[in-house]
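According to TrEMBL, the protein has these features:
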type	residues	note
DOMAIN	1-569	domain 'Major facilitator superfamily (MFS) profile'
DOMAIN	396-446	domain 'Kazal-like'
TRANSMEM	41-62	transmembrane segment
TRANSMEM	69-90	transmembrane segment
TRANSMEM	138-163	transmembrane segment
TRANSMEM	175-203	transmembrane segment
TRANSMEM	223-247	transmembrane segment
TRANSMEM	279-298	transmembrane segment
TRANSMEM	318-339	transmembrane segment
TRANSMEM	351-371	transmembrane segment
């Protein structure tokens, strides 16, 4: 029982490390200028290390000191967690464009008709060879950390489960495994809540004093302390790893029963026999579709909510961790309960899966229409014929007289309801600040008709009224889809020969990894990138996306989700 307790703790903290990355992905994109395709690849990269080794590990299961190997794996996972946070400590402080000169920046992004020089040095300074090298280092460290995370996670689940199954009584084994399974479902929820808590702190909380931070967490330039959660999670893993070095290689079985192990048959024979089994193959393919959908959802749902409904990263994580993931848990439990209550045959199991997916499809269809277009952004989504003479830039005249930097980004919302990418592009010459040196408003903005006023921050999408219906429907669709989880497992376990069970489940997980968890986030990330309408540029390379076409973003992101739901159905 102590082993089960330790293993539950270890699995929870391991999931915190891998789940926490997903909760802070939009923040890491903004901090290091990554496209969603790159961040999707990063998020799925731990599966690479995992997949390469998992088959061998399952095969050599009973010939090694399992607890000790689990302990070593956990130490690797912990190391990976600390490595994920390392980029924060090897790079300089986060820099953003601002209107008020501060201790570490004497530039301003107001309209300055007389001084072309002020901008030239700003754009040149930020592009040293060091800056671009720094970026490669950050990516290298993170990809290595993710690969390590995958390798370290290999022994944890298979060895833990087989160890428990070998030495628990047949009566208690399902209970113990059920406890572990519920932990693996709760884990991601806890990870998103951790993300929600950490992203409320400013990223450089350890480098600058609170007084110097001029951003609030609602500001589009805000970057939260993404690295803090990795330190917390990695420390937890390191603590959970300690007891494993003191467990024995074998334990006495709980109640005196004989240990029966099957001699492993030749690898290719078993593989072919299972893959030729139509029920096994079809159910695994359905699960591949569901998993690909979940992989994309888990990785980018936060970013989607942030953009569609103008939420902070912290609030988006809170919704996912407190609503969507518990919803999925409810679905899994309900599916299992229906199975148990009605003692279902295989055919009824498959009917239940089909029904769950059909209802999920119907629930998810309306989501495509719950959203609003991107706000009007001057020169990006909106051109005022009166002001703008030259193609791409709004009020080319203003750009020439104000000497605006091409890549300045400090959005302001004009009194005319149009958003401008910086006070300079709105032609604002004056800024009012309050006592704590945060910006109140901008005045004398020549591009804004009427009083010529602007307030700091984005105008937002004006979609808040659709937010609650969206969350309710998406949660409902999640509950319905996850009712098919347990019956689909039963279909696999009951349709194959008993001695192939553990091997069949191993192959199933490997196929899910290779066909769903690895390509899923990359596919979603690439689809999201195609909907970007303004890219940030860093050192002449495309960095993170500033503005998306929200309607396209919604249709492609949720359309991909529907595609996989239909596939599973």
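Cβ atoms here come from the backbone N, Cα and C positions, even for glycine.
With DSSP states grouped into helix (H, G, I), strand (E, B) and coil, the domain 'Kazal-like' (396-446) comes out at 7 helix, 18 strand, 26 coil. Of the ranges 69-90, 138-163, 318-339, 351-371, the one with the most Cβ pairs under 8 Å to the transmembrane segment (223-247) is 69-90. With a threshold of 8 Å between CB atoms, the same-chain residues lying at least 6 positions outside the transmembrane segment (69-90) that come near it are 7, 10, 14, 17, 21, 32, 46, 134, 137-138, 141-142, 144-146, 148-149, 151-156, 159-160, 203, 226-228, 230-231, 233-235, 237-238, 240-242, 244-245. Residues 286, 308, 331, 335, 338-339, 344, 461, 463, 466, 469-470, 473-474, 476-478, 480-484, 487-488, 491, 550-551, 554-555, 558-559, 561-562, 565-566, 568-569 of the same chain lie 6+ residues outside the transmembrane segment (351-371) yet bring a C-beta within less than 8 angstroms of a C-beta in it. For the domain 'Major facilitator superfamily (MFS) profile' (1-569), the model gives a mean pLDDT of 84.
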